[in-house]
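The domain 'Guanylate kinase-like' annotation in Swiss-Prot covers 6-183 and rests on sequence analysis. Here Swiss-Prot flags GLY13, ALA14, SER15, GLY16, VAL17, GLY18, LYS19, GLY20 as ATP binding site, drawing on sequence analysis.
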Amino acid sequence: MKGMRGRLFVMTGASGVGKGTVRAKVLERTRLFYSISMTTRPPRPGEVDGVDYYFVDRPTFEALVREDGFLEYAEYVGHLYGTPRAPVERALSRGEDVLLEIEVQGALQVKRAVPEAVLIFLLPPSLSELKRRLVYRGKDSPEKIQKRLEQAEWEIRNAHLFDYVVVNDVLEEAVADFLAILTAERRRSGRMGEALEMALRRDLALEAELDEILRRRYGGTGH
């Protein structure tokens, strides 16, 4: 809306819960500026710089850290990951709603930096189902899967720190729940200043015509 900042939505959840799949479906169905993360890890096969991540070397990343250029950042498995601040701020200033898809610790950092951010935690149906997804994803060793599950259990136990939770059991239901949250937040009365202002506007020329119709129909002034 004109003159209003956009809203910042943050999707997070355990590794393997399906954040990327839900995010892709959500972006197909509603207008959001998706903020691309930056990382020092090398691209995986099929990944494109500026689409999946901004791939940079460690000195470049660390220089941006010193310049306070990240909303959040963290080191994970030897590589740095972060959300560049400038693209997010530009989009919010234009009145665009922004979506981040980041890890749990990063999401909590964002909430501290931007208290009005809306945090949405994606839950697995169960830890056993999460383990099944991690196994069939085929990317991690048994040791790494166990570590991810331990981390996931800690994250789930802290889900109360987030504004909403969505269970990703049936994909389409999870997407519908996520979209419902976006709709509810967009309709909050505190965020609808321009819409409320427009609803109170009077078109004097139109009302004069209507008053004339009433006068002819009923006589008098039409009031």
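Glycine is no exception: its Cβ is also placed from the backbone N, Cα and C atoms.
Mapped onto this structure are the features recorded in Swiss-Prot.
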{"residue": "GLY13", "record": "ATP binding site", "Cβ neighbours (10 Å)": "28"}
{"residue": "ALA14", "record": "ATP binding site", "Cβ neighbours (10 Å)": "25"}
{"residue": "SER15", "record": "ATP binding site", "Cβ neighbours (10 Å)": "22"}
{"residue": "GLY16", "record": "ATP binding site", "Cβ neighbours (10 Å)": "22"}
{"residue": "VAL17", "record": "ATP binding site", "Cβ neighbours (10 Å)": "27"}
{"residue": "GLY18", "record": "ATP binding site", "Cβ neighbours (10 Å)": "18"}
{"residue": "LYS19", "record": "ATP binding site", "Cβ neighbours (10 Å)": "18"}
{"residue": "GLY20", "record": "ATP binding site", "Cβ neighbours (10 Å)": "11"}
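A Cβ within 8 Å of the Cβ centre of GLY13, ALA14, SER15, GLY16, VAL17, GLY18, LYS19, GLY20, the residues given for ATP, is found for these other residues of the same chain: LEU122, PRO124, ASN168.
In the three-state DSSP reading, SER15 (ATP binding site) counts as coil. On the 0 to 100 pLDDT scale, the model's mean across the domain 'Guanylate kinase-like' (6-183) is 93.
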